[in-house]
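Please read the structure below before turning to the comments.
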Amino acid sequence: MSQTDLEIVVDDPTAPEDDSPAVVSSGSVEIVVCLLLLALAVTLGYDNWRTGASWDATGPEPGYFPFYLSIILGGGSLYGLIVALLARRAASGTFVTRAQARRVMAVFVPTLLFCLVTQFLGLYVASFLLIAGFMRLVGKIALWKSLLTALVFTAIMFVTFDIAFDVIMPKGPLEAAFGH
Amino acid sequence: MKAAIALAAALCGTPAFAGWEPTKPVEIVVAAGAGGASDQMARMMQAAIQKNNLMKQPMVVSLKGGASGAEALMYMKSSEGDPNKVLIAYSLIYMLPLSAKIPFNWRELTPVSVIALDQFVLWDNSAGPKTVKEFIDAAKAASSPFKMGGTGSKREDHVLTVFLEQKTGAKFSYLPYKSGGEAATQLVGNHTEANVNNPSENLEVWRAGQVRPLCVFDKERISYTSKVTDTQSWADIPTCKEQGVDVQYLMLRAMFLPGKVTAEQQAFYVELFHKVTQTTEYKDYMEKQALKPIFLTGKDMVQFLEEDDAINKSLMTEAGFVAK
Amino acid sequence: MEALGLLLHGFAVLLTWKTLVLMMVGLVLGIFVGVLPGLGGPNGVAILLPLTFTMDPTSAIVMLSCIYWGALFGGAITSILFNIPGEAWSVATTFDGYPMAQQGRAAEALTAAFTSSFIGSLVAVLLITFLAPMISSFALKFGPPEFFAVYLLTFCSFVGLGREAKHKTVISMSLGLLLAGVGMDTVSGNLRMTFGSAELLRGINFLVAVIGLFGISEILLTMEERLALRGHAASISLRVVLGVWKDLPKYWVTLLRSSFIGCWLGITPGGAIAASFMGYNLAKRFSKDSESFGKGRIEGVFAPETAAHASGTSALLPMLALGIPGSGTAAILLGGLMVWGLNPGPLLFVEHKDFVWGLIASMYLGNVVGLVLVLTTVPIFASILRVPFAAVAPMIVVSCAIGAYAIQNAMFDIWLMLGFGVVGYVFKKIGIPLAPFTLALVLGNRAEDAFRLSMIGSGGKLGVFWSNGLVGSITTLAIVLLFWPVIDSVLGRVGLTQRTRTTSP
């Protein structure tokens, strides 16, 4: 098998990026992340305050450290929020361009589906579908190669984990039909 | 719960081998970390079963010590109907639901058998006081409270410490470590003045002459009379009652299956663990770790569990460890 | 010298064909479980433990310790090639190892990792051989305040290192510490931050988070940047290996410092993770060119690997001498010893001399044989990089999921991994550093427990952290390191003024 006919992505980082419009700027993402972290800090802070966040006779209570940490986290994200808001007026870098977003989604969406399928059909069926599908649809690799690779890899995983080492993976109706 | 008791009642005679056998590797779920007493026991059983060919399928030890063992309890609870998981349980099945409000009740699981009772011993550093009386006097006279090491918080070790305080009037500050092994080394290193470890947890440091057993928290002395150290055997340790401190506590070691398994499946495991208790591996282990042999199943086991539960509940309530 | 004689006797016991074959089998199995993410050291050894039940104790321990060596060597492979640390202490290896692989220097990075593992372990074994009795009494000196001081030292060696904006480091570390606290609090036995969820009861497992943060997010980034895993430029040959070895003497300070840190933290239980981070941080801090760390610097592979393995190996000492395992894998080995009726503890060295010295001798042999074995197989591992990305990417995703699931057998962890993958991707893009986050997630709980136990013990007095020479000097050292940038600049100014004075006529 020669290397070149299988190569599907440009492996030169210096290759010119195609001219693609920005989807969202780094500044906006930073603002959203800071807001989310702030919300998390408030939620956790409240929960810890309820658990008990004072310093009693035997030292700090269970919520003591987490409570102050949530305050620190809140402070940090608030500061980050202000910095990001101020910087927004100035030119802010691109978080992701449309072409990049498309490529990220091309791997993220299959991964998400993979997790979903694992939940219902078990890990081995899901991994077969993911590998075969990804190689065929994203990698544009010949169908037979994709199916064969997926089958071999999944089979190796199955033999290694479920048979040789007794590590039990989530399984679904297909495996059940074969008595596993 | 009723189902479990009914099942157990149906089995109270001699458990007949009903023909069911596991077709998958059996997971033995340990509600504690690696190297602890439960883990050691699980590995002993794994070895005993494998060496004596007691089961066709392999047995896998699965450590679920997260959240002080609550992880294992929730795992068993959620595995309803799965006959390939057995829990090796101890007093946490009564205590954790009380202290941490874990939504768990041992009656939702299927009891298989009680296989041992574990002792508790009061230990101090070998450079410390030599008798219980001297120890208590020293604790009372100390300017800052004596430090008592133990495993976990609001659990058996902690409860025992509170009862020692109540019975003697001495004050202790209780240090909850992650494992009995850690509590043992911390005592040897003089970072604590005493601990209430199980015999197995302090065995090696005792044999090395680094700690001294003061008394055992039971009605009677431990029965093993062969020498453990140069001069002493387990039977030489006085009971706490003899020494004027009337505190008693024994901890069960029992096997459970998840809820809603069939009677045949339950019968298989009753038979299996009965065979395990006949092996030399089990017998050696019991003596070495100074465990009290016992084998209860069926109705006897349920009755034992109910009584034990009541005792633990009252102790926890008195100690003020029940979460509101 | 008695130790030497006993050691030679140990070698004599081992040098039979049967044991050598067992050794090779153990090493190959070990590398195999080490490479599979999710199996890793502790799980691998646990799974293979029953294989040895039917052997005699010496053969069994030779086999197991070789599995252990193999797993240690193997763990570095996934860290460097795929940015997926198999073990907590491999995290620091990814910082520079993965960039090196991306630059086509995978073979060099792997050689460096294996070689430094070898050096670290060797130093630790030497230490075990000659200082066993002394060291075990040193480990006993560690109570809660001392443990806290060590963790503090690790954290302090980290703060102020990054080039990132300070508030981002603060966010990263506090978030990590917060998530570390989720679940049951050991000291009080209460639940916190679980919001009544049974899934959160377990807490957030460190490895699940790391697999997501590093493994999954890396796939996303790689796709975005249109980078393939670039294996073409990696010329793998004996020349690379010898090249790395020739440069070795240049890094003797780093190697020595990391070995020392590793041994020191290894015998104080639970230190391997702290050791790898501290080894990395100190190498970076004392380097003249600390900016180039994290961009594929070979020293950034040497430092954490040497420290982690020195520590992983010396962790066997407290296990044998005191019965306290210093690492997860050591804990499983401990269980194995008990099955064969050998009780680790102070008397093991007296009552089972043959066994102990056989084990130590097998550490030497296993280490040497293991190094040769992994080095000769480097080309095979590095050739994984030549497989097309469209095939490797989904396989990595599957391996990550298997790894995340196998840790606690929980489907929830696969979702958690995916979540952390997204978090890792976003954080990397907006410059929130991940290293403080992971460090906090690993050590946060232990540090807090140690602090609170110290407080209970001392009745709430902070003076306990200066109550004796040992804890006092560690705490002071930690604070010095925390303010090192300030101290350094003051010293620098003094030095500068002196220099100007001498040069002026």
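For all residues, glycine too, the Cβ spot is worked out from N, Cα and C.
Over in TrEMBL, the protein carries these features:
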COMPBIAS  A:8-20  compositional bias 'Acidic residues'
DOMAIN    A:32-170  domain 'DUF1468'
REGION    A:1-22  region 'Disordered'
TRANSMEM  A:29-46  transmembrane segment
TRANSMEM  A:66-87  transmembrane segment
TRANSMEM  A:107-135  transmembrane segment
TRANSMEM  A:141-165  transmembrane segment
### Message
Can you give me the average pLDDT across the domain 'DUF1468' (A:32-170), rounded to a whole number?
### Response
88
### Task
Determine whether the transmembrane segment (A:66-87) and the transmembrane segment (A:29-46) share at least three Cβ pairs under 8 Å, counting only pairs 6 or more apart in sequence.
yes
#### Entry: Long-range Cβ neighbours of the transmembrane segment (A:29-46) (under 8 Å; 6 or more residues past either end)
66-67, 70-71, 73-74, 76-78, 80-81, 84-85, 88, 95
## Note on the structure
DSSP tally for the domain 'DUF1468' (A:32-170), helix/strand/coil in that order, comes to 108 helix, 9 strand, 22 coil
